[in-house]
């Protein structure tokens, strides 16, 4: 029996891994493939596996979600909170409440439910899913304001969905219960307050322990995962949001000097993939496709109603105070309301509580998740390009790995393979202007190791090993790596760059453009703040006096370089 279970589970995981290669070819999200594999292996599919254990599903899904959020938090830069924290918080609270309400009204009408039952359905599917968002956005070049808002929203909006779901289940399960304003305020405050306190406080204690205790290198990742899950469970036990807690644990550890950070991230990467596969396989096994067909038409209407009406309305209202978001950015954020594992996990709550229509709620949630992954996930990058929220792909090394030479080491080895087009080909190393503190440690030519010196002349197809830190990556990649091909990339940041401290008149005067005296006296920095607000991000742009101005470089949330794009008929020779 045990061997059969191991064999079946392992075969399903191997099959999911192999089929993941078809994701890009078919244009469907990889998580959708894992879900479909689970459905095909289930009772109504060719696999004929009879699985109906909601408690086990809840356990596995929560454990997997905890690992995914821990990894997502560790890879989120805390600097992004300056740009996106308040908009994300608005979407994670007001946005979820509005999405749940609008979706609930539609659900009540479509499925002939009471108003409270309909809003329960809305609450179950009301939050975006961190696993889906992190998976779909990983490696994509979105502008920081949009990408950070979506990631932080998905990592922090589950407490509101859980609060609404649990409260509505309590009301429907016991209509006589006294759920006054004080109870609701306390419950809401516990979800966010305890979740944040346990996450930040426990995360700091865990980080301190990691940096103080002497362990075998491989045990640090075990300590992080076990410590994170224990804080996840503790937060839930105290009435807080474990999901929020473990995300904050990862955020804190990932943004502080941490012992063996690189090896921890490498282990977490594999664990996250395993968690996603197992979670969506199990969720797929639990559903019965035959029951989905019965509700297909109203569920399809509900899913598209949420995607096209409820989510956009909630985003528009939630982002009203934040003027820095353009109309196109708001439309894109509305479109990327990805649903994933969390709605299905929340749909198990009514089953455990024994509510009437619990199976209907589960099937609706599952159907909505499938449509969301397929429609929104499958068109994500096309929508991003249409909304102009993408940036040109950044040059990156062929590979990178941490050098754990001492505790909390930030050193990494970057590996580059030189193409013929790079200007440094044919030049001796002594002529290269390297970022301060970096060093070329090895050069491989025709698979043979060379010991580099200042007189070593670089050739096409040489492989360089460069020692540096994450802060050096942009400068090193510009020297040695090739960005993925993108036809629009060469002119994205303009035809030439301007010093942000120049005066406006220095630019407009060159082109014979008349501006008001007070406008001409402004530094470009002040012009950018006037047009784009206090926190512009890379790629932000505006049109002024017939010229197209683009933020071309940002350091510490301050614009340091401004690009200027000229109309094609105004091109000049700047040499």
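Backbone N, Cα and C atoms are what each Cβ position is placed from, and that goes for glycine too.
Those TrEMBL annotations? Automatic predictions, nothing curated.
Since we're looking at a predicted model, the values are computed, not measured.
Annotation source TrEMBL lists transmembrane segment at 55-72 (among others). Beyond its flanks by at least six residues, the transmembrane segment (55-72) meets 130-131, 134, 151, 155, 224-225, 228-229, 232, 242-243, 246-247, 249-250, 265, 268-269, 271-272, 275-276, 278-279, 282-283, 286, 341-342, 344-345, 348, 352 of its own chain at Cβ-Cβ distances under 8 Å.
What TrEMBL lists as transmembrane segment is 84-109 (among others). For the transmembrane segment (84-109), the residues of the chain that approach it from at least six positions outside its boundaries are 115, 117-123, 125-127, 144-145, 148-149, 152-153, 156-157, 159-161, 164, 301-302, 305-306, 309-311, 313-315, 317-319, 321-322, 325, 333, 337, 364, judged by C-beta separation under 8 angstroms.
According to TrEMBL, the transmembrane segment annotation covers 115-137 (among others).
If you look up TrEMBL, you'll see 181-206 (among others) marked as transmembrane segment.
The transmembrane segment feature in TrEMBL is assigned to 240-255 (among others). Beyond the transmembrane segment (240-255), the same-chain residues lying 6 or more positions past its ends with a Cβ under 8 Å from any Cβ of the stretch are 62, 65-66, 69-78, 130, 155-156, 158-159, 162, 190-200, 202-204, 206-207, 210, 224, 227-229, 231-234, 261, 265, 342.
If you look up TrEMBL, you'll see 267-287 (among others) marked as transmembrane segment.
Note on the transmembrane segment (299-320): residues 87, 90-91, 94-96, 98-99, 102-103, 106-107, 110-111, 121-122, 125, 292, 330-331, 333-335, 337, 363-364, 367-368, 371-372, 375-376 of its chain, located 6 or more positions outside it, place their CB under 8 angstroms from a CB of the stretch. What TrEMBL records for 299-320 (among others) is transmembrane segment.
Summarising the annotation, TrEMBL assigns transmembrane segment to 332-354 (among others). Counting same-chain residues at least six beyond the ends of the transmembrane segment (332-354), those with a Cβ under 8 angstroms from any Cβ of the stretch are 31, 54-55, 57-58, 61-62, 64-65, 91, 99, 120, 123-133, 136, 146, 149-150, 154, 158, 161-162, 165-166, 169, 173, 243, 279-280, 283, 306-307, 311-312, 315-316, 319, 325, 361-362, 364-366, 368-369, 372-373, 376-377, 379-380, 383-384, 387, 389.
Below 8 angstroms of C-beta separation, residues 27-29, 31-32, 35, 107, 111, 120-121, 124-125, 129, 132, 136-137, 140, 283, 287, 291-292, 295-296, 299-300, 302-304, 306-307, 335-341, 343-344, 346-348, 350-351, 390 of the same chain, each at least six residues beyond the ends of the transmembrane segment (360-381), sit close to that stretch. According to TrEMBL, the transmembrane segment annotation covers 360-381 (among others).
In the predicted model, residues of the domain 'RCK C-terminal' (401-482) average a pLDDT of 85. The domain 'RCK C-terminal' annotation in TrEMBL covers 401-482.
Long-range contacts of the transmembrane segment (181-206) within the same chain, counting only residues at least 6 positions beyond its ends with a Cβ under 8 Å from a Cβ of the stretch, are 159-160, 162-163, 166-167, 223-224, 227-228, 231, 234-235, 238-253. DSSP places the residues of the domain 'RCK C-terminal' (401-482) in helix, strand and coil in these numbers: 14 helix, 28 strand, 40 coil.
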